Amino acid sequence: MSDISKASLPKAIFLMGPTASGKTALAIELRKILPVELISVDSALIYKGMDIGTAKPNVEELLAAPHRLLDIRDPSQAYSAADFRRDALAEMADITAAGRIPLLVGGTMLYFKALLEGLSPLPSADPEVRARIEQQAAEQGWESLHRQLQEVDPVAAARIHPNDPQRLSRALEVFFISGKTLTELTQTSGDALPYQVHQFAIAPASRELLHQRIEQRFHQMLASGFEAEVRALFARGDLHTDLPSIRCVGYRQMWSYLEGEISYDEMVYRGVCATRQLAKRQITWLRGWEGVHWLDSEKPEQARDEVLQVVGAIAG
């Protein structure tokens, strides 16, 4: 698409970044100044009843800056990148029709990628193939299957943990059904996003600062009642660790504690470590992202001003 064609497209803003980087605070600040409406891009914030452990914006924040695509699924339900793209495009069209600008904020990089580039069609699940994979896992262990994935699709294997059976199984299933790797298929773009997008990433300049913020926030969540929140989910009886909701960072570790698998101190340690690993993966995604403008979260006023400088012309 030519620059002239792009300039004629409606405008949108992406505000991306690792967990605990200050994305929400900046987005709320920007809404006070720019004619924007916020759309959440977060695979955990979609779930109802999962507020503390996901650092969901609180009532006051949502009154100041309503977020779309929050609380749209029960924790028992699945939600795919394709679901997100469909829903986000509908919300973006609604915002644009009202004469405002969509500001998409979050840290689920796969959702941003799906929205920006489109999705290639993946083969539907095959119960027979899935059963064969699960049988092999029962006999040889998921570590063995992870090594198998590493041989055929090292890129996906680097992204998928051996202790993530659902994603590991799906990656192998796609290969067995189609003969093509998940990486090959997901790199085949579908329909590109019909918007002129200004992309920003916010993070502390120092990784150590981000690690400190992650640890502080995890302890703040615990002090705010995170354990009680997960106990309520645990008590439902219909939720389990094969669900994407319960595999969310923090929830998986608290679940293990409630099941008596680990001590409280071990839960805290694992929760902090898992959150740091998530942040590392998010930053790795962003380092390879094209056309992104980096912001320093330790200088919030400067970050705000940089966004305004880049996108200020579109606010008129």
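The backbone N, Cα and C atoms fix where each Cβ goes, glycine too.
Note that the coordinates shown come from a computational prediction; the quantities given were computed from them, not determined experimentally.
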Looking at 126-130, 166-170, 211-215, 301-305, I want to know which stretch Swiss-Prot calls region 'Interaction with substrate tRNA'. 166-170
Region 'Interaction with substrate tRNA' per Swiss-Prot - which of 30-33, 34-37, 42-45, 306-309: 42-45
Which stretch, out of 48-55, 224-231, 280-287, is listed as region 'Interaction with substrate tRNA' by Swiss-Prot? 280-287
Listed range which Swiss-Prot flags as region 'Interaction with substrate tRNA', given the options 133-138, 247-252, 271-276: 247-252
Taking a Cβ cut-off under 8 Å, which residues six or more beyond the ends of the region 'Interaction with substrate tRNA' (247-252) line up next to it in the same chain? 19, 43-44, 47, 50, 53-54, 164, 166, 218, 221, 226, 230, 233, 241, 271, 274-275, 278
In the predicted model, what is the mean pLDDT computed over the region 'Interaction with substrate tRNA' (166-170)? 90
Give the three-state DSSP assignment (helix, strand or coil) for Lys23 (ATP binding site). helix
I need the neighbours of the ATP site defined by Gly17, Pro18, Thr19, Ala20, Ser21, Gly22, Lys23, Thr24. Which other residues of that chain put their C-beta within 8 angstroms of the C-beta centroid, in sequence order? Gly107, Ile202, Ala203, Ser297
Env. residues of substrate site, Cβ within 8 Å of mean position of Thr19, Ala20, Ser21, Gly22, Lys23, Thr24 Cβ: Gly17, Pro18, Ala25, Ala55, Gly107, Ile202, Ser297
Including all protein chains displayed, how many Cβ atoms other than that of Ala20 (ATP binding site) lie within 10 Å of its Cβ? 25
In the region 'Interaction with substrate tRNA' (280-287), how many residues does DSSP call helix, how many strand, and how many coil? 8 helix, 0 strand, 0 coil
